[in-house]
Amino acid sequence: MVKLTFKGEKSEAGVSSFQALALSLSGRVGTGNIAGVATAVAFGGPGAVFWMWAVAFLGAGSAYVESTLAQIYKTKHQGQFRGGPAYYIEKGLGVKWYALVFVAATILATGLLLPGVQANSIAVSLETAFGINTTLSGALLVVVLALIIFGGVKRIVNVAQVVVPFMAVGYILVACVIVAMNIEKLPEAFMLIIRSAFALEAAFGGIIGLAISWGVKRGIYSNEAGQGTGPHAAAAAEVSHPAKQGLVQAFSVYIDTLFVCSATAFMMIITGMYNVFDASGKNFIVNKLNGAQPGPGYTQAAVESVFPGFGNGFVAISLLFFAFTTIMAYYYIAETNIAYLNRDKDRPWLSMVLKFVFLGAVFYGCIKTAATAWALGDIGVGIMAWVNIIAILLLQKPALVALKDYEKQKKEGKDPVFDPGPLGIKNADFWEHEYGKDKKEEVS
């Protein structure tokens, strides 16, 4: 998986495997990795972290399937690769109306409901750390985003490939330093997570159901596996075989949850900077932060306890980068679904309407409460996930056939090249006609 990340070159139509990984990670690594983990621990106890890990292992499989399907059924629109659930639902299942249901759900979710969650976290963390008014944060965020999204897909990818590795590595390094400085507490923290996950810790025995539900819910929100968001970036990659990008996207789920989410969890638990509510959600089982509500403040307090004067600003800036790139990814996903609608007849006004609605949703998220933003975000995730999960359950066979073909060619010492015909995969138009003409002749 790791080697595949750095293989493949970008082209006029597509991006490299690394750029596609960066673009998908910009969607996966966001507010959920900081505020989401804090919320899971607050309402589910430390055991919720274990169930987030479990979701990552299950989610990697669904990420492989949906991303491989996106590659198999991708198309070229206005000189750029486009793909995603709408494309594989129409071509793989042959049900166009269901594809249009996903398009409508995704444009609604990523264009209107989800951006506010990320924008709200940016505004709140900047206000906490630096005293910046949320209205001002919203206005500045809208201006910067406008400069990027009006520059097109390639500008979004170029920003993501620089910012995502920088922010993720920097955040994990600080977490590693904090863990190293408290290394004697690491075994205890790890065992607390395990015991709490299975009601073996007396203090959290009454909320085991909440540990599972919050861990699963926030794990899915964070890594986005199965939601149908990752396949849009996966389809943009220039690769010789769909399984290559499917495996890369499966790896991205591990990066998101096992590395970034775990970094947040261990910082909070090792330093003791977290609260836990009882089953009613009103009283505290653990109250180490004087009644503080769940959110970025837990992580800020954790870093601040080790590095006084550094924690608030560091987490605010980390969250700014995490959430900002996620907002960019949401726009890319919404625009890809607009492109699906524009295949037969170009309607440039649709993209323009999307841009202004999207920027309005970002500003609205900045000035509203976190509870409102998260409620809208959860609705958006639920709508997309249910439509996509049904599709990939029905369409998993082509993705599994592609994996077997990839492994077979690897065992034969070849650099795998995809040919859908002999595999019995139909309607893979790009691979049958365009890639087949240009690439297979070069290989032979």
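Residue numbers in this text run from 1 along the chain shown.
Including glycine, each Cβ sits where the backbone N, Cα and C put it.
Record features (TrEMBL):
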- 50-73: transmembrane segment (TRANSMEM)
- 97-117: transmembrane segment (TRANSMEM)
- 129-150: transmembrane segment (TRANSMEM)
- 162-183: transmembrane segment (TRANSMEM)
- 189-212: transmembrane segment (TRANSMEM)
- 253-274: transmembrane segment (TRANSMEM)
- 313-333: transmembrane segment (TRANSMEM)
- 353-377: transmembrane segment (TRANSMEM)
- 383-403: transmembrane segment (TRANSMEM)
Distal contacts, the transmembrane segment (189-212) - CB-CB under 8 A, six or more residues away: 43-51, 265-266, 269-270, 276, 278-279, 285-286
Long-range neighbours of the transmembrane segment (162-183), counting only residues six or more past its ends (CB under 8 A): 22, 25-26, 29, 255, 259-260, 263-264, 266-267, 270-271, 302-303, 306, 314, 318, 321-322, 324-325
Sequence-remote partners of the transmembrane segment (313-333) [C-beta within less than 8 Å, at least six residues beyond its ends]: 23-24, 26-31, 33-35, 84, 106, 110-111, 114-115, 118-119, 121-122, 125-126, 128-130, 141, 144-145, 148-149, 153, 156, 159-160, 163-164, 166-167, 170-171, 174, 229, 232-233, 296, 299-300, 303, 307, 354-355, 358, 362
Positions whose Cβ lies under 8 angstroms from the transmembrane segment (129-150), at least six residues beyond its ends: 119, 122-123, 156, 159, 300, 312-313, 315-316, 324, 327-328, 331, 335, 355, 358-359, 362-363, 365-367
Intrachain neighbours beyond the transmembrane segment (353-377), with Cβ under 8 angstroms and 6 or more residues off its ends: 35, 39, 107, 111-124, 134-135, 137-139, 141-142, 145-146, 149-150, 221, 295, 327, 330-331, 334-335, 338
